[in-house]
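> Structure below; questions to follow.
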Amino acid sequence: MWKERWFLSTNAKDIGTLYLMFRYFSGLVGTAFSVLIRLELSAPGVQYIADNQLYNSIITAHAILMIFFMVMPALIGGFGNFLLPLLVGGPDMAFPRLNNISFWLLIPSLLLFVFASIIENGAGTGWTLYPPLASIQSHSGPSVDLAIFGLHLSGISSLLGAMNFITTIINMRSPGIRLHKLALFGWAVLITAVLLLLSLPVLAGAITMLLTDRNFNTSFFELAGGGDPIFIQHLFWFFGHPEVYILIVPGFGIISTVISANSSKNVFGYLGMVYAMMSIGILGFVFWSHHMYTVGLDVDTRAYFIAATLIIAVPTGIKIFSWLATCYGGSLNLTPAMLFALGFVVMFTIGGLSGVVLANASLDIAFHDTYYVVAHFHYVLSMGAVFALFSGWYFWIPKLLGLSYDLFAGKVHFWILFVGVNLTLFPQHFLGLQGMPRRIGDYPDAFAGWNLISSFGSIVSVVATWYFLNILYLQLTQGSPVSRYPWLTPQYFSDLFQHLFTRNNSSLEWCLNSPPKPHAFDCLPVQS
């Protein structure tokens, strides 16, 4: 029965598919909110949204939907669940029923957040939930409380999933798949799960204290009662900075796999890649205050956080140059997945360079809360995490569905989206340099030109999204069955197994049927 299969599923592949379906819905709603923002900012003065509180609620909804309900369920929940048991050669996840509740907690979480946005004036706090804006004086209705409960449920879901992934990778590997032979995507999921496990409880503590400040008369962040509103910024960013690596590290694993497969050679410097991801995970916890240069940290503290922040460029640079070295001398196969992977490398590098600018406290005093910051984190998220997501989608979707798609259409989708997001976000660097502040629904006439270009770019991105849904529809209705490994480079490899032998063991999933059977392995594989 389909009800038992989809509502009571304990199969990692089905749960991964549910995660991917869920992220489609959230991603489309989040994209709609972003287009509303850009339409409002397309010209000076009031365009559509006369109420600034409503504008701020839309910004908050866009951020939380995209982070907690689009990127995380797709990269970690979707691809992680579907592929991880296949990559480690295990029968399923370690705790299948825990896996099920990890997904189903996201539905009430999303509903709570939707209610938070539509009850009374909505939660117009930004995703950072800073008091006093998030406190009872400024948001007197239940909206922020509902948003906090929604974040709690989402956090519990992610924590349960993280425990499951860690246990699966440590305990469920087939004979011979040592950790040093684990596929890079497996490593990425492991490091992401550890980051989730360490950072989410801090967020839970922070928003619980905010909840009691709002409703039970405590004064954790209330200056009049002896609290400190800066305290929640430290707590939030101690979670928030690892969170941005939680969003991007699974993308690193996907990009490594895709570039390796489409260059017909092993990843350059496998161990270096693994230790670079580990370093990024560890370093993510030691420079959270670079988000807080403007709150009055003393000069020694700022000097430390500048130095710590700039060190992250080393492991990130190792990864970028290893990807380039993987391409160099390979037989490049420019599939849609490879185009998105190369787009990721270029855009992520640009985002990293603007990050180097923002890491300097003296410069960040000027750039803090301007569109320069918006451009920076959208280059690493909107073109980093999302391009990685599309890259993984185009690479593995023949495996997930067992159906082929139109490669030319996939390439067209890449170019439309690439032009759209660059038109949207590159001008925002200039707006930030000119001093245009974030989270404000109006602006002086001087900023009109770049804003119009940016808003036009967002429409192009929507066209790309529509085109992608069209590709998916045609794949589901007219796609031909996939029988063999679809990404062979014909002039070099005629045989799948020859190809597998050349590429270590990061392709265990391609040894199976497409789509894999519910019980993928009849007997456990053994890695020699």
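A Cβ is built for glycine as well, from the same backbone N, Cα and C atoms used for every other residue.
Note that the coordinates shown come from a computational prediction; the quantities given were computed from them, not determined experimentally.
Take a look at what Swiss-Prot says about it:
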BINDING   GLU40, ALA43, GLY45  Ca(2+) binding site
BINDING   HIS62, HIS378  Fe(II)-heme a binding site
BINDING   HIS241, HIS290, HIS291  Cu cation binding site
BINDING   TYR245  O2 binding site
BINDING   HIS368, ASP369  Mg(2+) binding site
BINDING   HIS376  heme a3 binding site
TRANSMEM  17-37  transmembrane segment
TRANSMEM  64-84  transmembrane segment
TRANSMEM  100-120  transmembrane segment
TRANSMEM  146-166  transmembrane segment
TRANSMEM  182-202  transmembrane segment
TRANSMEM  235-255  transmembrane segment
TRANSMEM  267-287  transmembrane segment
TRANSMEM  305-325  transmembrane segment
TRANSMEM  338-358  transmembrane segment
TRANSMEM  377-397  transmembrane segment
TRANSMEM  407-427  transmembrane segment
TRANSMEM  452-472  transmembrane segment
> Want to know which binding-site residues, from GLU40, HIS62, HIS241, TYR245, HIS376, HIS378, are within 10 Å of HIS368 (Mg(2+) binding site) at Cα; which are they?
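Those close enough: none at all.
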> Per DSSP, HIS291 (Cu cation binding site) is which: helix, strand or coil?
helix
> Determine which residues of this chain, when HIS241, HIS290, HIS291 are set aside, have a Cβ within 8 Å of the centroid of the Cu cation site's Cβ atoms, and list them as they appear in the sequence.
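For the Cu cation site the neighbour list reads TRP237, GLY240, PHE287, TRP288, SER289, MET292, PHE305, THR309.
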> List the residues in the vicinity of the Ca(2+) site, defined as same-chain residues other than GLU40, ALA43, GLY45 with C-beta within 8 angstroms of the site's C-beta centre.
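So the additional residues around the site are LEU41, SER42, PRO44, VAL46, GLN47, TYR48, ASP442.
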> By a 10 A CB contact count over all chains shown, which of the binding-site residues listed here is most packed: GLU40, ASP369?
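Of the binding-site residues GLU40, ASP369, the most buried by Cβ count within 10 Å is GLU40.
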> Return only the integer: C-alpha distance in Å from HIS241 (Cu cation binding site) to HIS62 (Fe(II)-heme a binding site).
19
> Output, ordered by sequence, the same-chain residues six or more apart from HIS376 (heme a3 binding site) with a CB under 8 Å from its CB, or 'none'.
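Long-range Cβ contacts: GLY351, SER354, GLY355, VAL357, LEU358.
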> Sorted by position, what residues of the same chain at least six away from GLY45 (Ca(2+) binding site) have a C-beta under 8 A from it?
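Residues satisfying the criterion: ASP442.
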> Can you tell me how far the Cα of HIS62 (Fe(II)-heme a binding site) sits from the Cα of ALA43 (Ca(2+) binding site), in Å?
20
> Including all protein chains shown, what's the count of other C-beta atoms within 10 A of the C-beta of HIS378 (Fe(II)-heme a binding site)?
20
> Tell me the Cα distance separating HIS290 (Cu cation binding site) from TYR245 (O2 binding site), rounded to the nearest angstrom.
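Per the Cα atoms, TYR245 (O2 binding site) and HIS290 (Cu cation binding site) stand 15 Å apart.
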> Answer yes if the transmembrane segment (100-120) and the transmembrane segment (17-37) have at least three CB pairs under 8 Å among residue pairs 6 or more apart in sequence, and no otherwise.
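Yes, these stretches are in contact.
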> Among 17-37, 182-202, 338-358, 407-427, which stretch has the highest count of C-beta pairs below 8 Å with the transmembrane segment (235-255)?
182-202
> For the transmembrane segment (267-287), give me same-chain residues lying six or more residues beyond its boundaries with a C-beta closer than 8 angstroms to one of its C-beta atoms, as numbers and ranges.
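For the transmembrane segment (267-287), the list is 180, 184, 187-188, 191-192, 194-195, 198-199, 238, 241-242, 244-245, 249, 252-253, 256, 259-260, 305, 308-309, 311-312, 314-316, 318-319, 322-323, 325-326, 504, 506.
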> Which bits of the chain, at least 6 residues beyond where the transmembrane segment (305-325) starts or stops, bring a Cβ under 8 A of a Cβ in it?
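Distant Cβ neighbours of the transmembrane segment (305-325) are 252, 255-256, 259, 267-269, 272-273, 275-277, 279-280, 283-284, 286-287, 289-290, 293, 297, 341, 345, 348-349, 352, 356, 359-361.
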